[in-house]
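J.: In case it helps, TrEMBL gives these features for our protein:
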- Asp984, Glu986, Asp1093, Asp1145: divalent metal cation binding site (BINDING)
- 521-930: domain 'USP' (DOMAIN)
Amino acid sequence: MMNFDSLNAGMGEYSTSLHGALDTGLEPSMDPHLNPTLMQAVELDPEGLTVSVPEPVHLMEGMFSELHSVVSEVGIPVTAVHFDLQEEMLWMGNHRGHVTSYFGPTMGRHSSFQVHATDDIRHIHSLETGVLFLSKCNLKCYTRGGLVMFDYPMEEGADMHNLLMTDNNMLLMGGLQNYVVEVDLNTVQETQKFTVEAPGMAIMRQTNRFFFCGNTSGKITLRDLRTFKIEQEFDAFSGSLSDFDVHGNLLAACGFSSRGLNGLACDRFLMVYDLRMMRAVTPLQVHVDPLFLRFIPTYTSRLVIISQTGQCQFCEPTGLANVADIFHVNTVGQLLMSFDVSSSKQALAFGDSGGCVHLWSDVPEVSFNDYSRETDFALPCLVDSLPQLDWNHDLLPLSLIPMPLTSTEPLLSDWPAALATQSPRRAPAVDPEILRTMKTVGFIGYAANPRTRPRNQVPYKIKDVELDYDNYNQVPESPIGREEEPHLCLVPKKYRKVTIKYSKLGLEDFDFKHYNKTLFAGLEPHIPNAYCNCMIQVLYFLEPIRHLVQNHLCQKEFCLACELGFLFHMLDLSRGNPCQASNFLRAFRTIPEASALGLILADSDEQTGKAKLGRLIQSWNRFILTQLHQETQEQEGPQAYRGASSSSLGSSGESIIGKLFGCEVENSSLCRCGKETVRSSLTLLFTMHYPEHNSQNKTVKEHDFAEILKKSICLEQSTQAWCENCEKYQPTVQTRNIRCLPDVLVINCEVNSAKEAEFWKVQAEYAFNKAMQKEATEPARSSDPPPSNTEWCLDGEEICSMGGFTFDTRAEDLRHVWIPATLKMSISKTQGLEISSCSEGEELSSAEEAEGASLYDLVVTVPHVQDARTGGNLVAHIKVSETYHQRKEGVTHQQWYLFNDFLIEPIDKTEAAQFDVRWKVPAILYYAKRNYHTKYDLRIKNPIDASVLLTEASLARKQRKSHATFIPLMVSEMPQVGDLVGLDAEFVTLNQEEAELRSDGTKSTIKPSQMSVARITCVRGQGPNEGVPFIDDYISTQEQVVDYLTQYSGIKPGDLDAKISSKHLTTLKSTYLKLRFLIDTGVRFVGHGLQKDFRVINLLVPKDQVIDTVYLFHLPRKRMISLRFLAWYFLDLNIQGETHDSIEDARTALQLYRKYLDLSCGDGSDDVRKVLKGLYEKGRQLDWKVPDSDTGDGPIITKSAAVFPSVMGL
């Protein structure tokens, strides 16, 4: 922790830093360096406990005097002392890695144990649950009794000296190396590593306002704790820094000054700094050679200065030091090595080089802390003794007297052999999953643990109880579904959380068709914050929103409406394959309002299931509608991306979101004085409010859903509000009324506790019982078979009706149903809002239509599936309209579907309204006005035009024209249908892959690495400038990059930073629009491994527009061949020497495609097959490694020579 280069010559026997090991040849108990006079004044206890003081100690109040001394290990220097912050204990650590704790002012030994075998203890810090011990390259945490809690080793070459707690769980460690490590004590993992200047940080202090660091060069720096950047620097001493402390607005430091050829000398001037003005004040001259100093703020800001010889002086930092205030620690000729002050400022502790710990105090009854908790002591060893038996006692039980068995009669416990035959339990059968996945090596089989049973436990079932709660076996089980026994699970398979099983080929061999046999596109769930996938599908299947966002385009870098438009375009193009919302979620994470509302989850919350998804998705629903309303509140028609006028965000124009969901609300506040205040506003959704349940009456009353909904919309509640008439807060009755009906009624169910869930359950039971009674009283219906699940009832059919739901099924199927399928809503001048449930096939009469009544059909339900095994998930039931079926499947009908990430399955309409609150809790409902979409313009006008390819300015400040690596397209060069474009992309890693290693040595990917596109290059595929790039964009990112993959991507740290990059830096949205325009134009992309490139870029390209050289030069059931090997074999090019370059790779892929066309012009496929066989044979001979380029077998074209002259001349 300190610099000991110029200490007293008596310390020369130890290494200069006092951190090396002592002479191993010495006996630990008798060190020759020990001063013989040490033993004259003390008498050692045989067990090495407290030292008897020759004379009684009389303490004077307010004057520090020695209270007690203890010898831990004779001759072993005490390198660290620390007063426990929670208990009345004093800790010490010595030069040989041993620590001892002493209790109270009497310093009785509490615990003693070895922390490190060789290294010395450099810092001690007490926590609530344990104590931290820092050595040179190791941090350990022990309980106060000596049990190891964790062991955290450092990097090789670390030289740690000090640690500092920044909050309850975060710890900083610094030393004589060029970095400081931040460790999270909850996970015992490194969270950040800050680079600092040499010679590192030996001392760290912190106040409420500042963070201070001191090093051995004599400087003290003030740093920003978040970024670790230097804010202020004090050059305190010319030689080295010994110690410093901070209190209030003052910083005091002691150290060594340089004396030319004579080396360093202890400076008797303390440097004092005023932190308000950040400058030095008058130095304080002291009368001892300072080695340690601390503020002891009791009545005043006293300083205590300690010398290595044991002199101790107290003084005020702004006054003159008084010689009379000097005291002396009786070290018997030894040198002080460590020092600490208790939190109560009543006690001082000193550790010396002879192994003694000295306790000083200024009060007779000293306490180390103001509020210490009780200390646990080791329990004495108790030996059970047999009770004394009184033979003369009449009630003495005879069974307590041991007696030998002398009688020949058998004992009652001696069962006959026929009843005592051993019958061992038969071992249960081996799990079929283990047998299916087992690989045999020799006579030993290896298989992954399917985790269907607890480790080392085999349950024996007396009676097999098969409770099959679901009949949905046609849906293949997700890999995560193998982790439980089916009869113990209440949640049907199709509602369970689905995960993707990754292999060596990634997603290529994962069969999504097992989960989705429709032509609608699912969404992948492995992206952070993908809990909102179900709501993205809900918005997509609302026709006006789908058209709105696809017609929208603005200049904002992170616009959710734009990103939804791009995502919906991919969902339109997909034919059953899943898409991913990575770009949309990337923009979502940058919205400050989303973070403020707590909508952005950490990975740990998603994986462990800590997030309350039901409440979360309702907040997300409100947020996304508000955000889309703001972002699309602009003029009608598509906006030019590079228009001269800025975005009209926030203008007075009404958005389609407002027309679709908006409802004008009149809020009235009536004070008891009679003053009424009326305000109007626009609301996009309503929240359910349930009646208060009387705790005395245990039964819940029956309520109609329409009744509860009306009271929730026209809400009336009493609250305290400011009254301008009374000029104070008064009880106020607040009433809400609506003036118009929305086209789509959005309802947040707010079933966030067991109380609301019980209300739904009871109301569904009331409705079910009513339906059963009605079915019992009705005459038996005809025995005609009911329509299939995918068909809908025709008007006029005689069907069972319950609460507005009409089903051609038995009343038994209406269990857990409370919400109606159709609502009739109207607003009258006399009655206000009227809501009632009605039959699904019911039509309005002419009189009702004249009064403005409307029918609302249930189109969306979003439940929260509560599954304790996986943490739960969110799904959506969506009634898909005719237009979507016509566009995707060429049929005209309506159907309900279940959307569970990439699992999509048609369901019965009863299932969409069933909420078994034991596992399926309602979250969101959407009711749509019948035929509402007819008044909206549902034409899509692609807003992306050729202007996106025009020259644009770089975001990088240092980018110059001379650094340009591409020539933008001229107007005459605009791409046409069928034109070739060479494409390559480079990526960086945002999150590392999570994988597990199986027992047979194979690796299983749990979660893939999260990649982000960093560079996109497009080169011309024909014309006089063939091979010349026209797009070479580096993509700016605001997210933290964990790996730049420089060896494979060519991207270096700083290339994506607008402040220091010299590249052509753009936003992802800008480059995305360029590629979208090329796709919409109909160009054909040529590249190597384009499937992964387009996946990370989040683009869906039709297969007939992709020419991938990785498949052109590939034989079935053979390995894929790298671009470098193909370029060497076919083109005699040596590419990708040190790093990858996307221009070079895109150009090489174009040349390989030309080569493939030349090969195909010969004998056709047979000729190509012969060439490919020769390619694979050559590859096997060379182990697929490109030979060195100095063999002279033909021209080797390097990267620099392959750059076209037109690009070099830019």
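Each Cβ is built from the backbone N, Cα and C atoms, and glycine gets one as well.
What's the neighbourhood like for these features in this structure?
T.: Residues near Asp1145 (divalent metal cation binding site) in space but far in sequence (CB under 8 A, at least 6 apart, same chain), listed by position: Asp984, Thr1017, Gly1087, His1088, Leu1123, Ile1135, Gln1136.
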J.: Sequence gap of 6 or more, Cβ distance under 8 Å: name the residues on the same chain that satisfy this around Glu986 (divalent metal cation binding site), in order along the sequence.
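T.: Same-chain residues close to Glu986 (divalent metal cation binding site) (Cβ under 8 Å, separated by 6 or more) are Val1013, Ala1014, Arg1015, Leu1045, Tyr1048, Ser1049, Gly1050, Ile1051, His1140, Ser1142.
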J.: Take every residue in the domain 'USP' (521-930), average their pLDDT values, and give the whole-number result.
T.: 82
J.: Including all protein chains shown, what's the count of other C-beta atoms within 10 A of the C-beta of Asp984 (divalent metal cation binding site)?
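T.: Around the Cβ of Asp984 (divalent metal cation binding site), 28 other Cβ atoms lie within 10 Å.
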J.: Quick one: give me the count of other CB atoms within 10 A of the CB of Asp1093 (divalent metal cation binding site).
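T.: A count of 23.
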